[in-house]
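As recorded in TrEMBL:
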TRANSMEM  28-50  transmembrane segment
TRANSMEM  70-88  transmembrane segment
TRANSMEM  94-112  transmembrane segment
TRANSMEM  179-197  transmembrane segment
TRANSMEM  204-231  transmembrane segment
TRANSMEM  251-272  transmembrane segment
TRANSMEM  284-307  transmembrane segment
Amino acid sequence: MFNQKYIHIHNAALNVTAKFVATAEGTALAYGSLVFMALLPIFFGALRSVTCSKSKNAADMPETITSRDAARFPIIASCTLFGLYLFFKVFSQEYINLLLSVYFFALGVLAMSHTMSPLMSRIFPDSFPNKQFQLLFTQGSGESKEEIVNYEFDTKNLVCLVISSVVGVWYLLKKHWIANNLFGLAFALNGVELLHLNNVSTGCILLGGLFVYDVFWVFGTNVMVTVARSFEAPIKLVFPQDLLEKGLDASNFAMLGLGDIVIPGIFIALLLRFDVSLKKNSRTYFYSSFLAYIFGLGLTIFVMHTFKHAQPALLYLVPACIVTMATSRAGHANKEKGETVPK
């Protein structure tokens, strides 16, 4: 489902809707909620990535990112971002967002269905009549017969699809921020779960490249901020700063791009799989990098709030994650060395 779809995850800067003075309570609630929402897909997506890496089901096989993919990613992302910027400058924003809404409606329904599937398996009792179905399309006949689509699903999957479709219609018609966040969380969790770095070096190449990408497009130009504000698609998590005043009809949002969640998230998920491969009870690499992400995101918010300027979150998240990983690795190496030295 996410084969080659990761190029559509755009790394929007953490930003706040302009010309609105939020209360201290509203600001704290918005930022705190964004941090909490960002942590959910990273934590649970990383856990699910461990299961995904062991799966023999072709539908659940992860998309592996190689060092070559990682090196090209910032270039592809830059071209995509600038292309969107030009589209918004040349064509009507209304029609562009209409097409994108339909596209992300379909992707969001599939992503949310995939996200909900394990939960539904736990909710429904064993006595639930869970019938199996198969959607099969073939081409040709006899020995030249070739499968085009072979998708197996069950009743629980259909329930997930119905619920996801309801959310999708809600998003398509109302563009409500809660529906946007439900789809955004599903995209982020699927990305962390299904996009696997093949090694730590690839992760460092990816993070380093996107570090430069993020800093350039936020500080060097107004392209990223313009696209983030114009792009009506669930590629960012949002939370209203005027929720306490206006309730669910609030309209002044703080936002966090999915790229600031998924990119560090797939690196943290890699470290969890490495922890699991060590076959020890401790999860040193995972928990230390997870805490580093919290620190980096908190620092981003602090700097942005202090200087009142959009910040490239990866400017703080990348050093936090890489330095923490390197420190944990050095500590682990010293510990292993110490254990081998006779006392």
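We count from 1, first residue shown onward.
Even glycines carry a Cβ here, placed using N, Cα and C.
In this chain, the transmembrane segment (70-88) lies apart from the transmembrane segment (284-307): fewer than three C-beta pairs between them fall below 8 angstroms, excluding pairs fewer than 6 positions apart. The transmembrane segment (94-112) makes no contact with the transmembrane segment (28-50), as judged by fewer than three Cβ pairs under 8 Å among residues 6 or more apart in sequence. When each of 28-50, 179-197, 204-231 is checked for Cβ pairs under 8 Å to the transmembrane segment (251-272), 28-50 comes out on top. Panel annotation: around the transmembrane segment (204-231), residues 10-13, 15, 17, 65, 67, 70-71, 73-74, 77-78, 81-82, 84-85, 88, 93, 97, 100, 197, 255, 257, 259, 263-264, 267, 310-315, 318-319, 321-322 of the same chain, lying at least six beyond its termini, place a Cβ under 8 Å from a Cβ of the stretch.
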